[in-house]
Amino acid sequence: MSSNATPSSKPVKSVDLHVGDAAPGCKKNDPILIADGVRRTFGGLTAVDVDHVEIPRGAITALIGPNGAGKTTFFNLLTGFDKPDAGSWTFDGTSLAHVPAYRVARMGLIRTFQLTKSLALLSVMDNMKLGATGQTGENMFRALLPVLWRKQDQEIEARAVELLTRFKLDAKRNDYAASLSGGQRKLLEMARALMSEPTLVMLDEPMAGVNPALTQSLLDHILGLKEQGMTVLFVEHDMHMVRHIADWVIVMAEGRVVAEGDPHTVMQNPAVIDAYLGQHHDSDLGSSDADNVEAMKELLDDDK
Amino acid sequence: MIDWGQVFSNAAVELISPTTAAYALAALGLAIHFGYTGLLNFGQAGFMALGAYGYAISILTFGFPVWGAVLVGIGASVIFALILGVPTLRLRADYLAIVTIAAAEIVRLLFTTNTFVAVTGSANGLSEYKDGFRALNPLHFEGTAGFGPWQHSADDWWVIIVSWTVVALACLFTWSLMRSPWGRVLKGIREDEDAVRALGKNVYSYKMQSLILGGVFGTLAGMIFIMPRAVIPAHYATSLTFFIYAILLLGGAATILGPVVGSMLFWVLLSFFSGFVARAVEVGWLPISQVQGGQLRFILVGVAIMLIVIFRPQGLLGNKKELAFVK
């Protein structure tokens, strides 16, 4: 299964990311994203209530937690797709509170979605080209004069071909994105996000629904982002993937950050075991709890 | 016996009539809204009414020249698009449909109400606004001229030439926009606006631009529409929007020439069935009255459109491949 896939080469882990003890909300040496007091409630339910969290620059950070922990909501808040009730957060020193999603993206913080959003009836190449920012021809009046944008469009196309080749989608460039498989769409979405040359890439469950044959290359691609100097923050349920590629792990449960640390020590934390196993200890184990048990076993096995 | 020659030549006249051009242009505006951007605008009749009344009122009440009246109509539709778009473009597609249909009805009822009868002519509408346009006509001949079934007066030819020139320019304009990166963003929004937003595009602004552009095309269509007839508020009922949607789907929603071909086919079919039914009633083939026959032609056109949509759902000019992926 997908969880047995490993990157083709042993990843180089980033170390010494934090200052002091690896506690929830601990300071990082060089944070790229800092969130303070971010809270989002839906009626009586507090989906996200994060006091303080810092994302280290140039590393791969995993955001994990049981179902319903508020990971995707936190993602939406950070990227401007949802508005928090309170809180502030900065990206590279710039405050992002009340900044609309498209401006956040232009600053270099690009996200992907849990349910892949490939633009079905656009060709793969058009999907890619749409990812490039600062296009002259995207202004309605300049669009009428191809002289103004053709050269830039060709440069964008060349960059798109390069990325598609890297993601092994170049043979599909003229097909509709709708004709791609689920895994290929994940790859396309990631490649499209890279067209804007982001500094922070946020991937929401990049492995969900991906065929095992593709997980391998997805892992390599994520490691490749780090090699190119990008910061990666991803949400994932696949613990093997977290263990293999993450430099830092942030654990959320019931909207809060309950633990932080490197992937091997964070799992020893009683708060994490509580988050995954303890929250419904007096009720029947439903299927999602069984999944969590499975996830914990995998993690503990790894440290043997 | 039925005079088939007459039936066919009457149908052929519709091929290049100004009304066909007006419907084609309004449908092209909807192609921008619905076909390319995915905006479910059900208020195209409202944009057309603003064009018709904007033009006629400017000339009759304020004595504007032709170009001034055209600008007033365009300005009115830009303002209408802004009023419509500011609160609604953040809504989901189906809400936009409800709001636009209501807005178009409000426009029509404002033009119908007796309160403004001095300016709008209320239910009787407006006429006598054509002199300025006719004065620009470079063609001068007596009686009718033309070829085959297309025999028109100098004034009629002038309307036909101007209206189809406008349609051709609008097609060219739309084509050059849709092949540009701007058009690519619109098509992206049609597929998934959140994805486009995540790529750093100001989706709201693009939707507004699309709404304004398609609305202005609807407004120009409204001005062409009133050249061969008077301005009557009843023309701008919701059914007008639905006829234009039928034309758009007939031709192909995300195509440039689809609206033109769809409009030609729609009007030729309508004229053909209308001529055929009227004569069939005359010679006693159909056991119905002339009035009933007038309704029957819409039934027959409806059946023809249903057949085309069932057996060629992408429209006449649409891309068959797109349908392979429609859920």
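Each Cβ is built from the backbone N, Cα and C atoms, and glycine gets one as well.
In TrEMBL, annotation is done automatically, which means it is predicted and not curated.
The transmembrane segment annotation in TrEMBL covers B:12-32, B:39-60, B:66-86, B:93-111, B:157-178, B:211-230, B:236-257, B:264-288, B:294-311.
The recorded stretches the transmembrane segment (B:66-86) and the transmembrane segment (B:211-230) share 3+ CB pairs below 8 A when only pairs 6 or more apart in sequence are counted, and are therefore in contact. Note: the stretches the transmembrane segment (B:157-178) and the transmembrane segment (B:39-60) are not in contact (fewer than 3 CB pairs below 8 A, sequence gap of 6 or more).
Ranked by number of Cβ pairs under 8 Å to the transmembrane segment (B:39-60), the listed stretches B:12-32, B:211-230, B:264-288, B:294-311 are led by B:211-230. Stretch with the largest number of CB pairs closer than 8 A to the transmembrane segment (B:294-311), among B:12-32, B:93-111, B:211-230, B:264-288: B:264-288.
Tertiary neighbourhood of the transmembrane segment (B:12-32): same-chain residues 41, 44, 47-48, 148-150, 159-160, 163-164, 166-167, 170-171, 174, 186, 210, 213-218, 220-222, 224-225, 227-228, 243-245, 247-248, 251, 253-256, 258-260, 262-264, 266-268, 270-271, selected by CB-CB distance under 8 Å and a gap of 6+ residues from either end.
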